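Some features that TrEMBL has for this protein:
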type	residues	note
DOMAIN	33-162	domain 'tRNAHis guanylyltransferase catalytic'
BINDING	ASP56, GLY57, ARG58, SER59, PHE60, HIS61, SER102, ASP103	GTP binding site
BINDING	ASP56, ASP103	Mg(2+) 2 binding site
BINDING	ASP56, GLY57, ASP103	Mg(2+) 1 binding site
DOMAIN	165-280	domain 'Thg1 C-terminal'
Amino acid sequence: MLRLLTVTVRGFKQHKTPRLKFSTSSVMAKSKFEYVRNFELDDTCLKNCYIVVRLDGRSFHKFSDQHKFIKPNDNRALGLMTRSALSVMEELDDITIAYGQSDEFSFVFKRSSNWFKRRASKLMTHVTSQFSSSYVFYWKEYFGEQPLLYPPSFDGRVVLYPSNQNLRDYLSWRQADCHINNLYNTTFWTLVQKGGLTTTQAESRLNGTQAADKNEILFSEFSINYNDESPMHKKGTYLIWEMVNESSTKKINRPNEAETEVTVTRTRKKVTAHHCDIIGDQFWEEHPDILERD
């Protein structure tokens, strides 16, 4: 119980309640329910490893059909994927390189990154939510007045790669996959759109064919040289950080002179897009700062 202090003011007795001091110690903050934290699993990513967060569109075949994507490649959709990935990199500057093709994008965090204390669940959910929200936010910029019928969905996974060679092989695998899929899709939709085949007939025609067979179909039947196809479609898109020069015009006033315009150039770090081969050594020799030493 609190003791009341008795004071006398002009002959009258008054009772004064003392002020209480509240403790902010960690002991006071605990409760009997806090034990449930013990059910959380430690998902800290191993140190000295590249952390790759890879996103894939969920049910994107249905999504692309309902939104009337152009076959085999819709540059609007590919541009929107790249813009969404750029948004992720600008938010998380520890991502050293990102690679995308079709409805997927991979984000590579530096070996030394300590974002979210390297917790896999935090990294994956943040990348996925930032990418998904950007896809919706920038939709109109690429599709104009065509309505977004429903929100897209992306799932994510986290994979660790301990060496530079492992990481390069992973990115090479994704680019090889891009080439294989694009050659098939280009041939498939050419047979449908220009050859008059049904999708079932085109699938049957391509069953068991090799890359050389598909190239021959495109060239001999439709005069299409696959080598002339867009690098973005064949190679996919890489995003990296680079120092770039940006120029702008500025108006200045000098004493006793008329207003003049001058060009101001500044250098800053910016995310840039590339559509080139990454399986060979040239790309890595031109951008040695992407990889950290083994």
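We number each residue from 1, going along the chain as drawn.
Cβ from N, Cα, C; glycine included.
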Which of ASP56, ASP103 (the binding-site residues) has the most other Cβ atoms within 10 Å? ASP103
Taking only same-chain residues 6+ apart in sequence, whose CB is under 8 Å from that of GLY57 (GTP binding site), what do you get? PHE63, SER102, ASP103, GLU104, PRO152, SER153, PHE154
Setting ASP56, GLY57, ARG58, SER59, PHE60, HIS61, SER102, ASP103 aside, what same-chain residues sit with their Cβ within 8 Å of the center of the Cβ atoms that define the GTP site, listed in sequence order? PHE63, SER64, GLU104, PHE154
Mind telling me which of the binding-site residues SER59, SER102 has the densest Cβ neighbourhood, counting other Cβ atoms within 10 Å? SER102
Average pLDDT across the domain 'Thg1 C-terminal' (165-280)? 92
For the domain 'Thg1 C-terminal' (165-280), DSSP counts of helix, strand and coil? 57 helix, 31 strand, 28 coil
Quick note, PHE60 (GTP binding site): same-chain residues at least 6 apart with CB under 8 Å of its CB -> SER102, ASP103, PRO152
